[in-house]
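Here is the structure we will look at, set down as structure tokens.
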């Protein structure tokens, strides 16, 4: 500031912008940043996205479906994103050459494009979904081993019975008489028929390189047909949360040559371990990170008992329960049958319940006296202290036949005849 004849003069100096004040990076720093990005890209390039690089024909078809459906959807997504940036740039406030038309409200050509293109894509996706749903039906036996390679007429699929345990996988080969824990082997280019069930809770059987995931449910059997076309070591896992050991519930899938698979079977047969009911009940106890085991002998009918949820002595099989239902009920014997059907409580009785089990499945007293919504005591339960209990007393005229009886009376509700003929 200067003073000239009593007038103050202020000199205004230009203020540098933040970008100008910011120190520029040295060439060495720029080089290091680029090298770091290149190293990260190289490491990511070494990752094997197994879902997009499978080894089985079913998984390959599923991969192709993912790519095709994604490409179809990108036909809408990419233009929308590009036009968003284009409009933001073209009609920015500083662009005085852009046409400003506040009264514009309709364009027939634009409406045709906006509605026709998505509609065609939806029709294409619907057709792809319909065809692939039937082609890749897991219940449907395979008709091909690979593209342009049908299943030979003389090739018999290999059957593998799969049991999801807490927290491990049991594989039974009924045609070979062997079993394995946390490891499965199969010859390449041979169809596999899986029969999948669970011992306790819902789970999912998933080998990403082989086929899609599928549920394993107690008391039910889920089939899955697949084939592995490449030899190698792959990983299978549980893709459905099933408790504290869920994250370690994995197994190895070995796709071998015919000679290699024969050697694997011979190694399993050489094992002195026997998979009978007692051994299974020990395996059924919750455990984590169990090492691979082979069983040279498998008890006949074990998988059927697992599927029927009646491996433990005294348990009623699901098939027996169905027979009782078809016969009209067990009558007065239903009180005893109820105890035989308490599958969830047997672990608590033996002291081997799964961590995190909740009331009433665990048999433990609840942590709170407040009952959950929808579990308020009924009027007929108030005499028992407000506890909901199933009714076990038979109704008047209810049948009382057991599964072994030659003839069972019909339930009472089927014996009710109308007193008058309906006028119509």
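Placement of Cβ uses the backbone N, Cα and C atoms for every residue, glycine included.
Check TrEMBL against the ranges 31-53, 146-168 and you find transmembrane segment recorded for 31-53. When TrEMBL is compared with the stretches 65-92, 177-204, the one noted as transmembrane segment is 65-92. As a whole-number mean, the pLDDT of the domain 'Cytochrome oxidase subunit II copper A binding' (155-267) in this prediction is 94.
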